[in-house]
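*Asks:* So TrEMBL lists the following for this protein:
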| type | residues | note |
| --- | --- | --- |
| BINDING | LYS124 | UDP-alpha-D-glucose binding site |
| BINDING | LYS125, ASP149 | Mn(2+) binding site |
| TRANSMEM | 463-486 | transmembrane segment |
| TRANSMEM | 498-520 | transmembrane segment |
| TRANSMEM | 532-554 | transmembrane segment |
| TRANSMEM | 575-596 | transmembrane segment |
| TRANSMEM | 616-634 | transmembrane segment |
| TRANSMEM | 646-666 | transmembrane segment |
Amino acid sequence: RRWVPFCKKHNVEPRAPEFYFNEKIDYLKDKVHPSFVKERRAMKREYEEFKVRINALVAKAQKKPEEGWVMQDGTPWPGNNTRDHPGMIQVYLGSAGALDVDGKELPRLVYVSREKRPGYQHHKKAGAENALVRVSAVLTNAPFILNLDCDHYINNSKAMREAMCFLMDPQFGKKLCYVQFPQRFDGIDRHDRYANRNVVFFDINMLGLDGLQGPVYVGTGCVFNRQALYGYDPPVSEKRPKMTCDCWPSWCCCCCGGSRKKSKKKGEKKGLLGGLLYGKKKKMMGKNYVKKGSAPVFDLEEIEEGLEGYEELEKSTLMSQKNFEKRFGQSPVFIASTLMENGGLPEGTNSTSLIKEAIHVISCGYEEKTEWGKEIGWIYGSVTEDILTGFKMHCRGWKSVYCVPKRPAFKGSAPINLSDRLHQVLRWALGSVEIFLSRHCPLWYGYGGKLKWLERLAYINTIVYPFTSIPLLAYCTIPAVCLLTGKFIIPTLSNLTSVWFLALFLSIIATGVLELRWSGVSIQDWWRNEQFWVIGGVSAHLFAVFQGLLKVLAGVDTNFTVTAKAADDTEFGELYLFKWTTLLIPPTTLIILNMVGVVAGVSDAINNGYGSWGPLFGKLFFAFWVILHLYPFLKGLMGRQNRTPTIVVLWSILLASIFSLVWVRIDPFLPKQTGPVLKQCGVEC
């Protein structure tokens, strides 16, 4: 009530007080109001007092009584068991009395806790967002929805207006399913060792997709058109009328004139029906459904009344309204809201009845035998429900837009240490494998729809990339094998093959340079992305492939444990936090293997003399190229610079040395003689 007027008066950014007061910038810049310093000091003091009160509540809540919490009337609080409780809704700021200190209306703030019962599948994040869609439709029914992760905050208060510029555009706004913003993060070290910013994806790939059917949905920082979440098809553009000429004789176009007149009468009859009950029809999943105009609909059975006197075609069209219950669930109020394209609540509603209806739509059994999670709302079936949801929308013909304001719209937190970052990548890759093995795979799904071919290729890329870990693992192993066996990684090539190889290599380099020049991404960010692509490919992506195959084909769900070690309590201290996990084994093995190969190759060259150094340089190049890509991983194992390496690195060096000495002892790389054994003949030879 005090923070919002303060922000509006002094144009404060960001609007999150925790991050605003912690910013290490000159907060007096561009501030001209004489009372700003005094009001800011008072606002900061009040916010800190507010934080203390919240922390006291949290500390009290952590000391849960054995008999559970009790409400003011003496009854047990229904939320004592977090996995078995009824649906709960608390309206903090409602329609009445939600005013700030200046007397202006504040946005509504409603807390929703959906019903949880044992034996029901709740679908995690996707199920929670579907429940929020239904509750918001019943209580407020705004036409647009902002989706943010819980660790994100609004960094640019004007970003919503930029999204509305697209969604409310009279030309193509009705065809947009969502406006996606790039993800930006706080608390990442300056060098971005593990490519947490994902600059190449957000500043190159997503911008490229914006020129096709639109960017993919990334799960946060997205403004949705509510109608697109309901499984409707986008409106079809009306074709321009054909040009006619009045200079021809009337007998030349009598047939055409007759047909136009007939079609006009037909349209008038259809308009009469629409004026009585509904404004227009809308397509949902390839079928026609009646779209509501202005009159509210509460009881679908009342539609059957008044059907007498209409033809069977109109009657069957209206009776198809009953199909909405099979798709959206048994809630007439919610179904009525889905038919109101411009949002708003039906007339004659009261807050008490709406709260009861909102409790009903978040019950455990509401989604049973409906299309929720299949064709409507966030789609179930993968841990990366965002890719599936956006893919289904694009298959119906919707378009999306990528909006990149100069000041980042939203900011969040990213896993800064190596183990957490690998587990995040593992989760994304596992979701892609699940989609690849499902009926929603872009390789074979939705060919009868309106998905463009280049957009389909982009979605195929998002679900097949984990499988590149298998050849990538082979490519990272081959240099060490070549050094240990004395063979070269590249066989002898003909002149024509060499030209093709060189042309392919140069085209890849040219493409990368053009992308960097076009997007403005720095070489350092591009190189960090290349490095972590190798690190994630030989660890998280590889595990995701096998874990996904076990989960989908055999029903075995495996989890990888993360063991944390203490970190320094300094800035970026978590960057040096070491957490042992099985995901670290493959990259560590590759580093040891290539280091052993380098030592063995150099030992071979020393034993064989000057002539063997030439072929060795080519082998060493590929081995060092692999080690260079895995260098951030090695730094993550070593910890802070100028410190004693961790036990993992010490063991790696020890094992590499022992293995190299054993290899040299077994096979000293002496030349093998195939001819007769010649004895030394002394001076007379």
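Cβ from N, Cα, C; glycine included.
Unlike curated records, TrEMBL annotations are generated automatically.
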*Asks:* With CB pairs under 8 Å as the measure, which of the listed stretches 463-486, 498-520, 532-554 comes out on top against the transmembrane segment (616-634)?
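*Replies:* Ranked by Cβ pairs under 8 Å, first place goes to 463-486.
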*Asks:* When you measure from the Cβ of ASP149 (Mn(2+) binding site), how many other Cβ atoms are you left with inside 10 Å?
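*Replies:* Result for ASP149 (Mn(2+) binding site): 14 other Cβ atoms within 10 Å.
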*Asks:* Counting across all protein chains shown, how many other Cβ atoms sit within 10 Å of the Cβ of LYS125 (Mn(2+) binding site)?
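*Replies:* Step by step: centre on the Cβ of LYS125 (Mn(2+) binding site), count other Cβ atoms within 10 Å, giving 15.
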*Asks:* In sequence order, which residues at least six apart in the same chain have a CB under 8 Å from the CB of the residue listed as 'UDP-alpha-D-glucose binding site'?
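*Replies:* Result: VAL383.
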